[in-house]
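Take a look at the structure set out below.
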């Protein structure tokens, strides 16, 4: 008998570093008021969904976002390092605008297959893909068929993970039509069936934030 799960993937709420145009990665920056409100609105939009569990990365911005989504509901929240944001090495905390002309940064944004993270000592997309997929399969193993699972993670991590679930590769996931940049506290819904695999039902939806 096949196992069936429904995943609700949420990008964390807007942070102070988002506001300031700084590259975050493993760096941690608190949620802004807008970020908190966005998470609360996401929680309200998902109020009727019975979640078996919630997962976040170990970074505080996702833990806090998940907490605001859960609110007073009795939903266990777990952290998984595999859901962390891509590590950007020496670039973390720098102004994105100051990095745009660097060849390696252009590869990070547009050519994931060419991005080797040699100059910044960061994490490649291949490394990110391996750990993010491993985290997802760790979660799948734990839950019984029929469960709804809340996952709060990060922009690069979720963009790559959702692209992989949609049939892209880590090398081509930034090609036109393969993926899109996820908005803060957007909702993406993915159905999993152990026999037929993954099916993306909703991507980057922010109707609840209006």
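A Cβ is built for glycine as well, from the same backbone N, Cα and C atoms used for every other residue.
Here TrEMBL flags 12 as active site, tele-phosphohistidine intermediate. Counting Cβ atoms from all protein chains shown, residue 12 (active site, tele-phosphohistidine intermediate) has 30 others lying within 10 Å of its own Cβ. The DSSP secondary structure for residue 12 (active site, tele-phosphohistidine intermediate) is coil.
For residue 85 (active site, proton donor/acceptor), the same-chain residues that are 6 or more apart in sequence and have a Cβ closer than 8 Å to its Cβ are 24, 25, 26, 57, 59, 153, 154, 155, 156, 157. Residues or ranges marked as active site, proton donor/acceptor in TrEMBL: 85.
Summarising the annotation, TrEMBL assigns substrate binding site to 11, 12, 13, 14, 15, 16, 17, 18, 61. Here residue 13 (substrate binding site) comes close to 31, 32, 34, 35, 36, 38, 39, 61, 64, 65, 68, 184, 185: these same-chain residues lie at least six apart in sequence, with C-beta atoms under 8 angstroms from its C-beta.
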